[in-house]
């Protein structure tokens, strides 16, 4: 994604200058301030992308194969996997093309590289937006299944889920195209940051409310069976730990990238902010790490999906 403070990698690859050796250490920025810069080796970047790609392809394949998984909940999980797949794939493609251009193995005119960069940017941005949207959609789906359990199947129907999925994809592509076209406007970056914060607040409110309801339900059961009070306390701690991990991973993986965008608006020339800008590739790597973790949290915990996945893997041998 083209952002101030980070070089557009494909266009920069047309220069014959060799890239710097990846390192973790202190580097001086233009003002002489010492910065902690974490460079992500291209090999590590490609490896993370490949792991994410394989994981999410397996999720999509398993859900597509098993008709028992053709429900609204798994529809959202499948689309989340597809979004994460595109995030990883687009970043892998950009890195691979960059390496080929730097090595001289791929000859291309600047105009062609510019168009390719724009296409990759749109794919990356739209898949990031859709990934955040589907994380929110999964939270809403789970909330309805708990608080409106008796009416769940009449509220969350497959046709409605498909319409929601279509709306998310169309909106993601449309807005990402606008964001890429007007990326140098502060309002565009602020919109992205506000969108991230809105998704974070939505997920936090819904999951905290769900945890409170679950603890209340467990407490009611414990009152009927006084001996199970310790089990109730353990359930509350386990639920709080799960919620902390879920929201913590989301914030840790996505937060630095959107902090980067926020600082571009607030302090584009400040020495401290310039130090943070140098770690842009690290922030992208964290998003790819989130794409690796998502299947573990939302997909592979399903026994039905794991069983289907085993069948798919056994059939492929």
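Cβ atoms are placed via backbone N, Cα and C, with glycine included.
The record in Swiss-Prot shows matching topological domain names for residue 34 and residue 106, meaning one and the same side of the membrane. Feature annotation (Swiss-Prot): of 10-30, 73-93, the stretch labelled transmembrane segment is 73-93.
Range with Swiss-Prot annotation transmembrane segment, chosen from 119-140, 141-162, is 119-140.
With a 10 A radius on its CB, residue 315 (S-palmitoyl cysteine) counts 8 other CB atoms from all the protein chains.
Listed stretches 73-93, 192-211, 280-300 were compared with the transmembrane segment (164-183); the greatest number of C-beta pairs under 8 angstroms is found for 73-93. Of the ranges 38-63, 73-93, 241-266, the one with the most Cβ pairs under 8 Å to the transmembrane segment (280-300) is 38-63. Residues 45-46, 48-50, 52-53, 55-57, 59-60, 63-64, 120, 123-124, 126-128, 130-131, 134-135, 137-138, 141-142, 145, 156, 158, 161-162, 165, 168-169, 284, 287-288, 290-291, 294-295, 298-299, 302, 305 of the same chain lie 6+ residues outside the transmembrane segment (73-93) yet bring a C-beta within less than 8 angstroms of a C-beta in it.
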